[in-house]
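Student: Pasting in a structure now, in structure tokens, and then I'll have a few things to ask.
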Amino acid sequence: MASTGLTNIQEKTTCPVCQELLTKALSLGCGHRVCQACLITKKNAVINPREKSSCPVCGTRFSLENLQANKHLANVVERLGEVKLKPDIGTKRDLCVHHGEKLLLFCKEDKKAICWVCERSQEHRGHHTFLWEEAVRECQENLQKALTRLRKEQEKVETLEADIKEDRLSWKCQVQTERQRIQTGFNQLRRILDKEEQRELKRLREEEQMILDSLAGAEAELAQQSQLVEELISDLELRREWSDTELLQDMSGILKWSQIWTLKKPKAVSKKLSMVFQAPDLSGMLQKFRELTAVRAYWDNFTFNPENLNLNLILSEDHRQVTSVSIWPFKCCNNGILGSKCFSSGKHYWEVDVSEKKAWTLGVYTRKRTLRFDVRQRKGQPNGYHRYKPQNGYWVIGLQHGSKYSIFEDSSNCDPTVLNPFVATPLHRVGVFLDCEEGTVSFLNVTNHGSLIYKFSQCCFSQPAYPYFNPWDCPAPMTLCPLNS
């Protein structure tokens, strides 16, 4: 392609008269280009510029005064002349400097081009030689392979760079999440400690007020006795001034009263506090907090199920709160309501606010057999608690009469075995943790930092398990706590 282009340029820059590169090229009206000297020296050239002459190539007549020098073509001719000054450079490069033969072979050991004479020389005897074209082709193939491999490596580098960027973002997100988790955890611990501090200070204030009230009462009583004694003393001193007759006539009464009067000592008040503050077990609190945080990871957000709602139960607009109302003249003993979700596998957790209620029951229920209960409690009919047994599909705890906490276990008779656990902190918020695979139902005192209330083990969930709630006839609301509340 390059040689063809060069040939075309040479044709356009060659004078058709002298067959040499154009010198002071002139462009004729017919389009041909000739040297100025060739045009003037032609036998048909005319000295008088007003006369007409003809093109030496095609014979077209033209006036000499209209001729113009082609400067662009002159520049091209000048550059082409520089190239033609060394016409044998490319040829010499293809010839052996020692023998003048064409370099048609390639020596693998010396890695250079050689001619056929070099191949037979002592210098290259025993060397591996190939045709120049084959060596070039092999070299190009090797270059292509290397290029392909490097491009693949480059792609790997780009992929690794992208992975590193992604890892950096991922780590930043993980670190940020962990930072927030740590800050949240310690903020919660600080709130717990603040709450414990306020509770201890409140207890101390109450004890202080009780002791001060007792001391104030004792002080008032002593003041009364002191006043009475002063009056008696004053009366006796006054009587000493009386006459003998007056003294003897009225002496028996005042003496008798003075003799029988004795000081009534006030009730002794302890000089020591009933309870000395002890720093809370931070490790135990932290462990309970960690356990609570762990189960809260399985929080299920659901509502009360409005289907088949008993007439004496009223749901809030968002179905997260249930309230019991009385239906005269009947007293309901089956106020149960289920959650809007059921569970057959996995781990699930929810929390219930019962802070205002004096009676409630909550936990997990699964259908084991058909149980029929009359919503009207007639005379002689057992109360609604007798059905709360695991063998009937109930794993529940509850509160009765505002202070009696109950856990309902299986028994050999109709009524369940009722356990009454000691609860140091009243249950205002209860957490329920269901583990279907382990077959356990755990109840946590969220009010007391997540301490365990009770855990049912070896639970059999042959049917889907439902969250269960019973507000009883207590009018205070029972509320499902929203996530992260």
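Indices start at 1 and increase along the chain as displayed.
Every residue gets a Cβ built from N, Cα and C, even glycine.
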Student: For the zinc finger entry in Swiss-Prot, name the matching range from 91-132, 217-258, 301-342, 385-426.
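Tutor: Going through 91-132, 217-258, 301-342, 385-426 one by one, Swiss-Prot flags 91-132 as zinc finger.
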Student: Which residue range, 136-170, 346-380, is the one Swiss-Prot calls coiled coil?
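Tutor: Checking Swiss-Prot against the ranges 136-170, 346-380, the coiled coil one is 136-170.
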Student: Sort out the residues at least 6 away from either end of the coiled coil (136-170), same chain, that have Cβ-Cβ distances under 8 Å to it, and list them.
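Tutor: Same-chain contacts beyond the ends: 106, 130.
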Student: Checking distant contacts: for the zinc finger (91-132), what same-chain residues at least six beyond its ends satisfy Cβ-Cβ under 8 A?
Tutor: 138
Student: Looking only at the domain 'B30.2/SPRY' (282-485), report the model's average pLDDT.
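Tutor: Within the domain 'B30.2/SPRY' (282-485), the model's average pLDDT equals 85.
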Student: I'd like the per-state residue tally for the zinc finger (91-132) from DSSP, helix first, then strand, then coil.
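Tutor: When I sort the residues of the zinc finger (91-132) into the three classes, I find 11 helix, 11 strand, 20 coil.
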Student: Cβ within 8 angstroms of the Cβ centroid of CYS96, HIS99, CYS118, HIS124: which residues besides those meet this for the Zn(2+) site?
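Tutor: Along the chain, the qualifying residues are HIS98, GLU101, ILE114, CYS115, TRP116, VAL117, GLU119, SER121, GLU123.
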